[in-house]
Each structure stands twice: as structure tokens, then as C-alpha cells.
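Just passing along the structure, written as C-alpha cells.
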């Protein structure tokens, strides 16, 4: 096997291992309470019979390790368990919400990624000039703004005062795409603003790092035009860091989605998670937490593989 | 000096004059910490002319402005440097007036550049051939097929291995010495009138340097290109240039033909540069009992399989200097780590003053540590930047001798006198000292422990020759006064001659030659020592050709 | 210490606003015209001379609640930052200097914790833990200490391999001297700047939790919770929720400006050519 394939295989194996460790951590995270889940669900006033029933139902009489493996076995076969509050299987409730979340994140990414790369390039091209200063000022501000500030500001002015878009983003199965898109304009805008600054700053740093290399000076001393220098000499070396930046920020976006869904009452996975955290519905929280973590780890693996693929030292070993 | 310049504007150009720089002034803005930015002058009123096919060497210490002048011949200022005055006339036109478009037509066609570190100057993402022919194709000098043919011919001329296929490799697949030659081929490929060589051999080992130097010289002669050859090493520039210009602090010191500069320098500064290595050092005869004995030491990093030290045995006598000489990767610094206990040897023993030292640093007594001090190559990172000179020198006094207050301060002041600096430096931070002063403070810190042996790891390599000479003289004086022994690690034979009593030559982890200075440096030589000694540039015209002819062994870098 | 005379205008504004906000948080009890839960008027009254910021969803004085909210928000965020910082920095430095299995185990554990987004893991843990201020501080502090650990370990590892630390080891200095006299003074500046960023993160994290109804519980006031209480007004054109949200933004930007300035100064101390 070529060394590069070995490296990629190693990285994927490591990711899978990490995912298992994370599942242990998430499971353990819901076991740290001094009492038990049944008690916290039913409250202090519960009768001993009700407690005993619920414990049996949840399998709480088994040791934690047995419960972990039966949970893990279920997850691996697509059975995420049953919600305590609704008695519905989690998987069937979760799937449409997962798609809604991915739909929202997808459109936010489609807008923010090219925008961030272009603005990052502009900032490098006019480094230390007014454009660069404005862009980094904007970046500083937007990394400090809470999502709900941007969100309610948009709702207040764009949805309420001007009535351009709905303030509540309702989507349902079978809704026409155009309506769906109209519904998610505001939440997607918030997400874009949240990740844009960060992504732009990192893109700028990545390109700047490449532009300060000695081989860029060599190209300049060959008489190449700025455009050719960027196209032929900077770009091939900047792909990996930029892909890396993008993946890290998509992971960031996945997290930002939780608050944004609550602001716009969007029927996604984040909203589902938050609802069930306050209801202390542990099986749902575990399942959703695991899915979020899996997406996050997956994006990180892609980022690392992109970096491996783009490295000429690894592609063309001695 | 310069002939009266003919009217250089346009038509009236003299046929043999290629480059003329008039009254060049170059400035840069620096941002000192905590102060307002200010402009400093890097090059101040330098003028020169260069005829077609001639080589002019630009020489000076760091900060002399030699690279900046070289790059100005391409209208280029590195890192925010600005050309603020004067003219740079190439082929009859002032390139500073030609705008960025005109400069792009000039760069890579009329003037090409060879950088100090080819490893960084090649784009890691492209094959060598694509980069070598790029400029020639861009400027329409040749089409791809012609350019590649010419490149292969140049690879051959520069004695690169496998000239037909080496272009298919990526930069990281080729050694440093070879890359430097590929870069020379890249510069020659578009048949320029002028090449700027910016310290092209400085980063190479000495045995590799001689081959690259010879290749560059042949290529210059055969193609008839003119060159500005920038270096800090007078002996190197004497081999390749027709004329030499000595620069200091951005100003011209002296300009003349190579013979005159190295035989009859007119200026005092030039004379100092020429005679820099002439420290006479009488070899001492070893006593009967060595201070430090290294016996059959073998060591590997991280319990690894590759031994970086192989069966090394050397002795150091009290008050004397053992020089350990070798190229990068020879294991000379690893030997220092083994002796200090930072890298416990796998086999062998180290005896100090009759007692066997524990292999690990942690097992050694405070007295063991005190008697064996170390001085590093990079003085700026060898001192804590947040401590004053007083604290740095005072700490060993507190730590080993429990000195406090006035007693300690008095001793620190004495030590500062010993290193010829004076107690005015007591409250300075390392960042406020020059390179030579930093190294002196490190010497004082070592001396403060009253050691029997000091390990000096390339202590002069990062310094300019004149400053380095001052440090060597100081070390010799201190040895006479304090009777301290040195283990002196270096790659520089001239330094060895100046300071050593005995010498160990290391090659690939083993000692290949060991004995008193006079024995080691007199024939008959083993093959490696012969290669090493014959590769050290000497300050005489024609040395290079003689040395190449007389060699018996190929350098490792090939 | 940074020289106040050369402070750029942005950092000066940031410093000024930070000081004002901290001051009003510390003296909330003195400054607030009304009590925390005191109902003083109608629901969502507009701004007036009597109620400078109007009233909230239950008719309480918004300015008073903002001041008390500042206190709660900054106290919890500050304590969480203090916890994450001392925990992360001590473990990070120790791992860098000791190395070996200690470093190995701790670093892998931190990798694992950081492979789950902080907010998600925080929610998972909060689904079973009681919602008290102590829980919040512990959860936020421990989760965030992973970042401080990584930074301080990286900084310390960089310094630990420098020749001056090796020189101290060769001199025979103990671990205490090496950590506190050789490494710490050189690691301080990047860590101080990071302190500001961690504090911002704690403020935003706490506000997000409270906004989701999982942080500070009513009737206590904190800024994130106040956004939640008043968010229903937004669709009726009542901007009460925007005021605490804006306050969070102002605090975060101000601290950010100061931290940025400190960080820039540190890099230029190392001899860099200004803002690359």
C-alpha cells in the first residue's frame, strides 16, 4: 500500500476509535448524577413503585457497562432507543429533523464558504489597506456577537418592521423548495454572519502564510504577474490550509445551529436537543449528542485527509 | 574606480557596460517594540558598474546591505524595503523608472536570481523542470521543448546526477547541494545578461560547497553571463569574482580587483577581514592525567536503532582544548549531549577527574554539574529574555556558592570585567545586547561556576568573522588565566587552527582521526580528513581549481 | 506592562467600556434604582425618565435588572474563567515539563473532550445535573480548561526546548525554578491575552445556556436569561430583548479589543515587523 493510503487509513481508523471513545464519554456524562435518571425524571415526590417500574423499563438495574453496550449495539443497528417523554422511537422522530438541520447548514455553507474565501483573498491582496482593516474589524465584531443578538436584530428590523421574511421559520415535509428557502433566509443569514468572520480571518492567515514563502519571491523575481503568482504558485500550496479552515468552520456551524434553531423555532435537531435537555429525556439527549459529535468528528477527518492529499511530500515520497 | 559614465540615457549606451548603479539609497521602516515606527537607511549612496561577462563580488558582514544592493539590480525590495534614491541602469535604461510592467519584463529575462536557500526558494508543489523552464517560456526566450533541452544541457554542465530525468523530481526529493545547482540552471535557462547570486553556498556543508562553487564558476565562464556574487566569506568570493566590493553599514568601503583586495587591501577594515583568522596558537603538550575521558561511547536517540555516536573515545587534558570537527550530521553535538548527561549513552563510560560520571543528568551531583559548563551556538536563545545580565550571571553564583547581595554583585562585576564588558551592562536585558556581547555574557555565566571544563558548541558560527575572532581571543585569554579546559565543537577548520591543542575529526558518528593538532593537520591524511581539509576555501586566487584537481574522495552531499 | 500612552484608539475604547461595565456590575446594588424582582409598572413600558430602559415582560425595571444581570453574568463567567485557567494552565505546564506518560494521558483525554463541541457536551451533562450556579461554573470551567491546557502546554513545550531552559537543567535547577522562573515569565503575555478571550467565551457560553433556558434560573437575572424572558416582545415590535443582547455584544467586543492589543504587543516584543 502506498504511504499516503496508509496515512489516510490510519486517520480514518483513528476517527472511528475517537467516535467510540466519544460514545463512552457521552454515556458516562449522563451517569454522573449522584441519584439516578429515574429519580430525576419523576421528581422527589415519586412513589417507590413508579420509580421501580421506570428503573426496570430503563434497565437501570443492570450495571452501567451492560447498559452502555446494549445502547451502543442499538445505535450501531440504527435503533436509537425510545424517548421517555413521548414513548416514540427516537430514530423516526430524529431523521426528518436531522435533514432539516443539514438543509439549513448546507445553504449557510453554500453562501459563507465562497464569500469567506473571496473576502480572505481581498484582505491579503490589499493587506494593511482600508479594505483589510474593515474586514478584520468586522471579523472582530462578529466573533463577539452572540447569535441571538444578530438573530433578534434581524427579526426586529427585517421580519417585524419591514415584513420581508417570516420571523418564525416553519418548514414541513412536502413544502415547495422556494417556500422552504424563503423560510430559512433569516436563520441562514445569522449562521453565515456567525461563521463568516472566523473563516475569513483564518483564510487570510493561511494565504498570507503561503504568500510570505521564499518561493513566492522566486516567482516574483521571474517576472510573473500577480495573477500568475497566485494561480500557479500560491494556490496549489494554499488549498490544504483553506480546506482545513472550511471544514473546521463547518463544524463550528453545526454547533451554531442549536441556538439559531431555537431563535427561529426551526424544527431541526438543535431545537429537539434543547427541548429534551430541559425535559431531562436522557435517551434523546444521548442520541442527538452522539450525532452532533459524529458530524463534528467526520468534518475534522475530512480536513485532515485534505491536508494529507495536498502535501507534495506525502504524494511524492523520496 | 569607476570609469566616467557615458551618457547612459537610451541610445548612447556603451557596448560593454551592463549594469550601472548610481548613488543608490535604500530605506526601510522598522517597528521597535513600544516605540513609534521609524525609517532607517540600509544602503547609503553606493555606486558601482559591471561590464558584460564580469563577476563582481559584494562582501560584508551582516547589516552591510549587500543582499539589498543585489536585489536592487532587479528593482526589488524585500520585506518592505524601499529604494528611495539613485539610479539602476541595465542595458542602458534606468529600471527604477520603468514601472512594475517594465520590471516584470526585466526579471527572469535580463536579470535572474539564485537564492541562499534553494530548498525554500523552490515551490514544493511543482516538479523541478516546470520551475526551471518557467521564466524562459514566460518571456518568450524559448518554447517548452527548447527550454527543456537547454535545461538538461545546463544540468549536465552543472554536473547534476541523471541530468535527463532529474527535472521530473520534486524539490524535496533532491539534496540541498543539488538543489542549489538546479537553481543556478534555472537562472541560466533564460540566457540572462546578469545573475544575482545571493550567498548561494552559505547554507551548505564545506565539502558540498566546493563542488557547487566549482559548478557555478564553470557555468558562469562557459555562458559568459555577468554576475553579482554576494557572500560574507572573502575566501569564497576570491574564487569566483573579477572584482570585489567591500561594504559596511550600507556604505562602500573599498572596491578593486580581486588580487588587489586580498593581497594589498588599502582600507583598514578590508585588512581586518582578510587577516581575520590569523590567531597564532601554540599547541600545548598533553599532561599525563586527562581531565575528561570518553571511552567507547555509543549512543542513539530515543532508544532508536540508528547509532548517532559510534564507539567514540577521546581525552581532554586540564587547561587544554580539544576541538571536535565535522559536518552537519557527524554527531559532534550529540557527543556534547552524551557528555553532559542529556543523552545517556547506550554503551561506554565517561570519566571526569578520575571519577566515573553517572550517565544520566539527574544522577549527577551538584559539583559534577558545576565543574562542567556549556556555551551554546545561539546566544540569544541561551539566555532567558526576561532576566537581566546581572541575574543571568548571578544565578550560578547563588546556586553553586550561595553568594548573596553585595558579595554576589561584586563577583558579577568582576566577571563582566573579565569578558571586557564592564558593570554598566548589569541591568540590561539580552535583547539590548549585540550578538558578540550576548555570547560574552554566556561565557561569563559559564565562568561564574568556576568550571574545570567548558563545552563550546559552535559558539562562533552565528557571529560575523571579526566578532567571532574577538570571542576566540577572549576564550584563549580566559584559558590562560583560569586554567579551564574546552571541548570546542565546530565545523570550521580555521577556528580549529586558532584554538585547538588536540583535534578529533568526526564523520557519520565516528571519530575518524584523533591526535594532537600538529599530527591531525599534517599528512598523510585519511580520505575524509583530506576531503575536509582540502574543501576549506583559502584566501588565494586559483585555489578552487587546485583543490578540485587534488581530491581523492567524493563529498557526501552528492 | 503595556504603556498606556501608546494605546491605539480601539483598545482605549475597549478598555474604557470594560472598566465601565465591570464598575456597574460591582456596584449594581448601589446603582440600581429598583429591586431585582420589584414590579414597578406595566408590562413592556417604553423608555421614560422614570424607567430609563423601560420595563420588562413582568413590569420590572429593565435598567435595574440589567445592572443585577451584569453582576450575575460577569461573576459566573469570571469564576468559570478562573477555574478553567488555573486548571488548564497548571496541568498544561506540568505536562510540558514532566512529559512522558503524564503528558500522554492528559493530552489524549483533552483531545477526546475537544472532539465533542463544547455546547453539545455541556447540554448532555446539564440534562442530568441540577441547574445551580455551582454546576454551571464547574461545567463551564472544566470544559473550557481543555483549551487553556492546549495553549499553555504548547507555549511551555516551545519554551522548554529552548537553550536557556536546557542551561538551567544542566545547572541542576529544580522543577519549581524551571517552571516559575524560566518558563512562566516568558509564557505570561500570550496567556494574559488568552485570559480575555476565555472570559468572552465564558460570557457567550453562559448567555447561550441561559437563553436556552438551561443556565441561570429565574428569578435571578442574567443577560442571556433576560433575552429569553423578553424575546416574545420582539414580534410585537418591542425591543426589550435587544438591550441585554447588545450589552453582551458590547462587553465581548470591548474585552476582545483589549486582548487583541495585548497580543499584538507581545508579538512585536519578539521582534516581529508589526501586524503581519
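Cβ atoms here come from the backbone N, Cα and C positions, even for glycine.
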From the ranges A:77-101, A:102-126, grab the one TrEMBL calls transmembrane segment.
A:102-126
Between the candidate ranges A:42-65, A:138-161, where does TrEMBL place the transmembrane segment annotation?
A:138-161
Should the transmembrane segment (A:102-126) and the transmembrane segment (A:284-310) be scored as in contact, given a threshold of at least 3 Cβ pairs under 8 Å and pairs 6 or more apart?
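No, these stretches are not in contact.
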So which of A:12-33, A:138-161, A:181-199, A:238-264 has the most C-beta pairs under 8 Å when paired with the transmembrane segment (A:284-310)?
A:238-264
Residues of the same chain, at least six outside the transmembrane segment (A:12-33), with any C-beta under 8 angstroms of its C-beta?
40, 64, 67-68, 71-72, 75, 282, 285-286, 289-290, 293-294, 297-298, 300-301, 305
Go through the chain and flag residues at least 6 beyond the ends of the transmembrane segment (A:238-264) whose CB is under 8 A from any CB in it; none is fine as an answer.
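Same-chain residues near the transmembrane segment (A:238-264) but 6 or more away: 101, 104-105, 108-109, 112-113, 116-117, 146-148, 151-152, 155, 167-169, 186-187, 190-191, 194-195, 198-199, 202-203, 206-207, 209-210, 270-271, 273-274, 292, 295-296, 299-300, 302-304, 306-307, 309-311.
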